[in-house]
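Asker: Straight out of TrEMBL:
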- 97-513: domain 'Major facilitator superfamily (MFS) profile' (DOMAIN)
- 21-41: transmembrane segment (TRANSMEM)
- 147-167: transmembrane segment (TRANSMEM)
- 174-193: transmembrane segment (TRANSMEM)
- 199-221: transmembrane segment (TRANSMEM)
- 233-254: transmembrane segment (TRANSMEM)
- 260-279: transmembrane segment (TRANSMEM)
- 343-365: transmembrane segment (TRANSMEM)
- 371-392: transmembrane segment (TRANSMEM)
- 399-418: transmembrane segment (TRANSMEM)
- 424-447: transmembrane segment (TRANSMEM)
- 459-479: transmembrane segment (TRANSMEM)
- 485-508: transmembrane segment (TRANSMEM)
Amino acid sequence: MATFDDLLEEAGTFGRCQKRIFALLCLLSIPVSAVYVGIVFQGFTPDHWCRDAAVVERRQACSWSLSDSRRLTALVVNNSGVLQQSSCEQYEVDWNNTRLTCDSQELNLTNVPVTACKDGWEYQYEGRKSLVTEFNLVCSDAWLVDMYQSILNVGFLIGSFAFGYLADRFGRRVSIMMSNILNLIAGIVLAVVPNYISILVVRCIFGFGVKGGWMNGYVLLTEMVGAEYRRTVGIVYQMFFSVGNLILPLLAYYITDWRWLQVVITAPYLFFLPYYWFIPESPRWLISQKNTAKALEITEAMAKENKKKLSKNFETVTEDEGDSPSASLLDLFRTPNMRKHTFILMFNWFTSAVVYQGLIMRVGIAGGNVYIDFLISGLVEFPAAFLILITIERIGRRLPFAAANIVAGAACVITAFIPDSMFWFKTVVACIGRLGITMAFEMVVFVNTELYPTFIRNLGVSVCSTLCDIGGIVSPFLLYRLAFIWLELPLIIFGVVAFVAGGLVLLLPETRGVPLPETLDDIEWPIVTHCIFKYHQQNGVAMTYFCRATLEVHIALDPSIESQ
């Protein structure tokens, strides 16, 4: 009885049809970047100070500079050892009842009492408008900017589960269409809603749809190509997220209002709506739904586009693999090695999200040119995919995965202690950290699939990857709140967390050249599994002394192994 992989061998494992689908689905990844890290520009907090109507009026009449008028409202404070003008306090002076002349900027205000801002804030933002300037999300309300990003990740978390169910229930193509419709509506509504609570609600819905569509695009893509291409297309699909990182600062530079930027970010989903008619349903999913006739029809169309022809031997097609009905959440923690794998992978998903998102958002508060800095840091993500493709088959998974985390951690810690006067050196080291965490983020996806047995693989990846969204919820608060204490403190936290993640990866087994595990025994006795695999691979001859001795010991403990 044939499987879909047998069918795909005849239809073409990565022919013209798959390349067309691949190109279309990769475009889905581009706007996801703007949604995920658009807060750097949409939620940008410019230099600001307390507003006083009388001082503003006098500034206009006397042609003062902003710094001249700011001196009359903003006192100088010590911020982490640096003297700067306060953004949240002002001199307690009623300038309406004080004779304010054009020479008043020379007044000595040293012993004047201070108070919190009363009449809002002024912003040095050159005619631009961000979420922060529109709703005055500064000082005591600054945490609401963190919430803007965290609520998106709440939507991601819910969308992962909801669209996972919808994709399994109604199909990959239908769920992608539903996601695109929801994204288009939610994205436009987000650009026009008038109050901040409504913005948070719609932002959560937007995240719900965006994550679900991106995830199902990834699943559909990997189901349509041969096994030898799945890892490569998956990595390149993620790389198009980095393409979005290059486009975003260019859009943000020319679009000065965060609401119009939101419209432009949403616009691609209008062009994704016709995908429903240009991308076929996954034949693998159809086979799992016992709709073999439709699966064969689609595969024949794929073969025709690939200029190939199916033989007539495929009357019945079965699923390659299926989840055991007995698979449960407890299976992820039931045995020692499974438990170890689960906790380490969970921590690595969490770390990747916290550090990756944190490093990107830090560009908005680092004090440089946010557009150029964002563009430069985005460029360094591209070598990550190539380094992965070069190393994983030559060196393996474990060492590059661990090294990526450790390099990211080291770069974060070193960057924190490089003085601002060494700007380019600090930028280069920070970019190395960004490269490392990008590699780690892309590697955790497929390493996760290789460390779980077949019957629980999908559940294992789903559960572990939820820590990615939880990390995304935590990251904004971790970055912005700790930066108030010391700007470089988040980098040290990121560095420590990445170091720990890299060390834990070294405790995982190497999976290069090892068949995917099928049972819990394959996880708990990996040496036995490896030896059995080698035995069958060599037709039972030339087994090493180590493997022979290992098998003899384990056969004595468990005679059932001998039958394998």
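Cβ coordinates come from backbone N, Cα and C, glycine included.
So that I understand the layout, could you describe where these features sit and how close they are to other parts?
Answerer: Counting only same-chain residues 6+ beyond the ends of the transmembrane segment (21-41), those with a CB under 8 A from a CB of the stretch are 130, 145, 148-149, 152, 176, 206-207, 210, 213-214, 217, 220-221, 224-225, 233, 236-238, 240-245, 247-249, 251-252, 258, 261-262, 265-266, 268-269, 272, 275, 278-280, 357, 360-361, 363-364, 370, 374, 476.
Same-chain residues lying 6+ beyond the ends of the transmembrane segment (260-279) with a Cβ under 8 Å from its Cβ atoms: 21, 24-25, 27-28, 30-31, 34-35, 38, 41-42, 173-174, 176-177, 180-181, 183-184, 187-188, 190-191, 220, 251-252.
If you look at the transmembrane segment (343-365), the same-chain residues 6 or more away from its ends with a CB under 8 A from one of its CBs are 36-37, 39-41, 43-45, 149, 245, 373-374, 377, 405, 408, 412, 430, 433-434, 437-438, 440-441, 444, 447-448, 451, 460, 463-472, 474-476, 478-480, 483, 487, 490-491, 494, 497-498, 500-501, 504-505, 507-508.
Long-range neighbours of the transmembrane segment (371-392) within the same chain, counting only residues 6 or more positions beyond its ends whose Cβ lies under 8 Å from a Cβ of the stretch, are 40, 231-232, 235-236, 238-239, 242, 245-246, 248-250, 252-253, 359-360, 363, 399-400, 427, 430-432, 434-435, 438-439, 442-443, 512.
Beyond its flanks by at least six residues, the transmembrane segment (399-418) meets 348, 351, 355, 359, 387-388, 391-392, 425-426, 429-430, 432-437, 439-440, 443-444, 447, 488-489, 491-492, 494-499, 501-503, 505-506, 508 of its own chain at Cβ-Cβ distances under 8 Å.
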Asker: Mind checking which residues reach the transmembrane segment (485-508)? Cβ under 8 Å, same chain, six or more beyond either end.
Answerer: 80, 340-341, 344, 347-348, 351-352, 354-355, 358-359, 362, 365-366, 398, 401-406, 408-413, 415-417, 433, 436-437, 440, 447, 451, 478-479
Asker: What same-chain residues lie close to the transmembrane segment (174-193): Cβ under 8 Å, and 6 or more beyond its ends?
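Answerer: Residues 28, 163, 166-167, 199, 202-203, 205-206, 208-210, 212-213, 216-217, 220, 259-260, 262-263, 265-266, 269-270, 272-273, 275-276, 279, 281 contact the transmembrane segment (174-193) from elsewhere in the chain.
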Asker: How about long-range neighbours of the transmembrane segment (199-221): same chain, 6 or more residues beyond its ends, C-beta under 8 Å?
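Answerer: Same-chain residues near the transmembrane segment (199-221) but 6 or more away: 21-22, 25, 28-29, 31-32, 35, 131, 147-148, 151-160, 162-164, 166-167, 172-173, 175-176, 178-180, 182-183, 186-187, 189-190, 193, 233-234, 237, 279, 282, 469.
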